[in-house]
Structure formats: structure tokens, C-alpha cells
Ligand SMILES: NC(=O)C1=CN([C@@H]2O[C@H](COP(=O)(O)OP(=O)(O)OC[C@H]3O[C@@H](n4cnc5c(N)ncnc54)[C@H](OP(=O)(O)O)[C@@H]3O)[C@@H](O)[C@H]2O)C=CC1
Ligand SMILES: CC(=O)C(=O)O
Ligand SMILES: [Mg+2]
């Protein structure tokens, strides 16, 4: 797309706004004689499909997005199931690992600790300041399950924002991928001459805290209409900075809140099927988590508040949840533990440490087993068969990303439960044929939530992202299954419908923002539900 630079003034200072301009018709003879968009779309898909490695496809799509954004998003929307694993997990994991090697051109803002004291100057260099609405910010310290990747985390911000555009129709020019460079403890990268980030270890906590304060303050100053999504911060910092900023700025943490919402939604739909088979009420479900980090605890909190909504007391709700970390079952008498685990530490277990997952399953007798541990294969045949012996329809969600870190694979879960499993994974798996039936795996990934949640928060100009808004996104997603999807036992809707789903979620999020009084676009309050949905759909950008 070509652009024009239009002068404008802020506080008497002249600035330049970058505006898109329809390209002039190409001069005769400088394009082939037969060239039209529809055929070119076929050509692009053929070029994409001619590549056999995921990372090659990723590179091709990145260059297509740069060269012809409209074509990229048009094809993405038409081929969601094919594009998502390429621009997002699992391939984005490889793109992050190799970012410094496959880097072609900058995309987004890199801000390093060296810029402390002048972060505002860096932000002012962004060419589309007035249009900025959503930023995905990572410090690269826990990228998917791949650990500390430093500035190689940038593709995660880029990938999530591409899904905001494709999935919720946020204007591409309103998105800002940001990667903060606070050093890295990844020795391999520090020794790599091609590594794009600072060659230093991560800075101490107090330096990071001062940097984050300045960063958020300058973000709010320069981008007053911006919603910030924190992504893939290491566990402790994920909780710390969500807590520090969520009541001061419109910000949410995708790994804690987005994951909590998407898993609650899938759990609800799975639990209905499971309860129908077992005759147990929803509130009788016992949920065992392998992994008690930002995602595990985020999901556990979301489930607890759901159980409370169902009428359980806080104590009863918390009692339905069991967490396991690298030391085994988390219980109070185990000794000192990280702050974020304490709330869920079991008060009713007094024995020796329980570390073997099969033994823990035998003790807990869970109806649902959720994996957010990054431990490939942790749901062994023994564990899955135990779940199948305990439950007519066991709920098994191996949610770790990327796909090679999944706690088990779909075909294993199908085989070991004789096709009875209710399954969702973080990254996609292919469907399976079982005894003449096609079984479909769910993809329990926060990508179903953040586009709609973000769109709703942006459109009503929410001053904060409240828990009730996140919960509304989750329940909205659960309700968005069609009859046909339910008849196939799906627990998440088909990805091809992501735009409809996002509109549905955004509408519910706006209503909750209004109920909480955090909506600044108060004129939306007077719209009926139908008018509000219509407004949301009208606002979506289309390629
Ligand atoms: N599907 C989705 O939408 C999402 C998936 N994820 C995925 O979830 C995974 C975890 O993310 P996150 O919570 O942020 O990461 P964290 O690093 O915060 O947490 C990982 C947790 O796993 C535990 N763990 C590590 N090894 C073992 C082991 N051998 N046995 C049992 N537990 C173990 C850790 O224990 P300890 O505390 O003792 O170190 C920790 O509690 C990642 O793969 C990530 O990609 C994350 C967000 C969204
Ligand atoms: C999906 C996601 O946010 C993660 O794996 O970290
Ligand atoms: Mg994440």
C-alpha cells in the first residue's frame, strides 16, 4: 500500500501522519498483460502450499503481509484453519527461536533498558500514533513453553496482533507489536553473533520495575486510546505487573486472564457432555492441573469464580481444584511456596509429598485433567487410562504450547480412552477416525478470547479490563456454539466463524464494561443489544 504524509499539529508542534492512499494504476507495460486479484490470490496460495516447511511458509506469509496486507488478510480469513498454525502456534514458536536468523525487516517497537529515561522519545517515533488502539507487549521471558527468548519474542506480539486483525477486524494500522529488551538469560542467544537483542543478562527486579513504571506511563501519555495486552512474561512478573497496572491503565494479561477465559469456556461445554454421561452436577467436577504457573493459576482462578457463580461458597469452589507443580501436589504443609500458588494449596492433605501423576490421579479422582506444564508426554498411557477408568467421558486438556510440548497427543487420548475423551489442546491436532466416527479435537487457546475481548474494550473505550468483562468473554464463547457444532460434540466453535464469535464476545464485554462503569464511550449505553452487535460488526475492518 502506498502512503501520503499529512501534516497536523499537536500543542503547536507539527507532526506527520501516515495515511494510506489507493495505489495509482500501474503504468502500462510494468505489470504482466493478464493480472487480476482473484487469480493472484490463487497464485499466492499455490506459492504458499509449494513450501514444505512451516518456517518457510511463515517467512512467505510475513513478506506477503508486508507487500500486500489486503491480500494477506483476505487469504487468512478465507483459510483460517490453514493460516492460524502458521502465523501463530505452533509455527510462531519456531519463528521466535529463529527470529534473529530469519529477520528481514523491523515490524513493531523494540525498547531496551538502555532507553530508560527516554522511552517517550522512542514511542514518538511510531508513525501512526493517533491510530494506535491495541498493543501486545512481551519481554520475551517465557515465550510459549520455550522459555527465555529475549527479543526473539517479537514474533509472538506480531502473531497475536495478526489474529486481532483477522479474528476481530481491528484495523492493521491500529496495532503495535512491542518487545521489551531487558536482557536475556539465554546463554545460547548471548553467544550468537546474529542475536538481535542486548548482550546482557536480565536486569534485576527493581530495575525492571522502574522501567515498567516509565513504560506504562509513557504509553498512556502517547497513546491515550490504547489497550495493552501483556504476553508471555515469566510467571512472577506476569502476576506482578498485572496487579501493578490493572487498576491504573486499560491492560490485561493474556496468559492469566485470556487463558482462564478460554479454558473455562471449553470446560463448561465439555463438563455438560461429561455430566450428561455421569449424571453428576457441574459443581461436582474435580479439576486437576499439571502446571501451576501464570496459565495454570489463571485458569484455576477463573474456574473458582465460575463455581461461585453456580452457588458454591468460596471454600467449596476452591476445594474442587488441585494443583501440581514440578514438586508434586501443592499442599499447605509442603513448606514455603511462591505467592501465586498459596491460595490453591490444599489444606486437607497431610501425607508425604505426592509426586507421581498417576498416584495423584488416584488420590484426587478428578473428572478433568488440565496440562499447563510444558512437559511433553506427561499425560502417559497409564494416566489417561486411569482417567478413562474413573469417568465415562474424561475431560483431558493438554494445553501447553507449542505442539511438541503438549502433555499428550489427540490420537493417544482417543486410543487410550476408546474414543470417550473430551479433548482440547493448546496447539492444533488433526481429527481422528474412531470406530467409524470422526472425532474432533478442540483448540483451547486464548486466541478465541483476546480478539473479541480486545475489540469490546477498545470500542467502549474501557478505562480498565474488569474480571467481569473477562468472564463475559468466556461465557460468551461457551454460548456461541451452534446446534451443528454441539451435535458433533465440539467444545469450541469452528475457527472459520471467528469474526462472528468475536462480535458476540465484544458485545457482551461492552455490556459488562457499562455495568462496571468503566466504559468511556457512554453513547453506546443507549443502544439495544441488536443495535450494539450491529455497531460492533460495522466497526470491523475488512480486507
Ligand atoms: N492454551 C493456551 O491458550 C495457553 C497455553 N499456555 C502454555 O502453558 C504452558 C505454561 O505456561 P505458564 O503457566 O505461563 O508457564 P509457567 O512457567 O508460569 O508455569 C509452568 C508450570 O509448570 C510446572 N512444571 C514444570 N515442570 C513440571 C513437571 N515436571 N511436573 C509438573 N509441573 C511442572 C511449573 O512448576 P514450578 O512452579 O514448580 O516451576 C510451573 O508451575 C506453556 O507451554 C504455555 O505455552 C500458556 C498460556 C495460554
Ligand atoms: C497461547 C499462549 O498465549 C501461550 O502459549 O503462551
Ligand atoms: Mg502467551
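A Cβ is built for glycine as well, from the same backbone N, Cα and C atoms used for every other residue.
Checking the candidates 79, 186, 391, 401 against TrEMBL: the one annotated together with 142, 445 at the (S)-malate site is 401. Taking the Cα atom of each, residue 255 (divalent metal cation binding site) and residue 445 ((S)-malate binding site) are about 10 angstrom apart. Proximity to ligand 2 at the level of Cβ atoms, with a cut-off under 6 angstroms, picks out 255 from the recorded positions 88, 142, 255. In this structure, 142 is the one among the recorded positions 142, 160 with the smallest number of other Cβ atoms inside 10 Å of its Cβ.
Neighbouring residues of the recorded divalent metal cation site, listed in sequence order and excluding 231, 232, 255, comprise 138, 142, 143, 156, 230, 233, 238, 253, 254, 294 (Cβ within 8 Å of the Cβ centroid). When the alpha carbons of residue 160 (active site, proton acceptor) and residue 232 (divalent metal cation binding site) are compared, the span between them is 11 angstrom.
With a cut-off of 6 Å between Cβ and the nearest atom of ligand 3, the recorded positions 88, 142, 160, 401, 445 reduce to an empty set.
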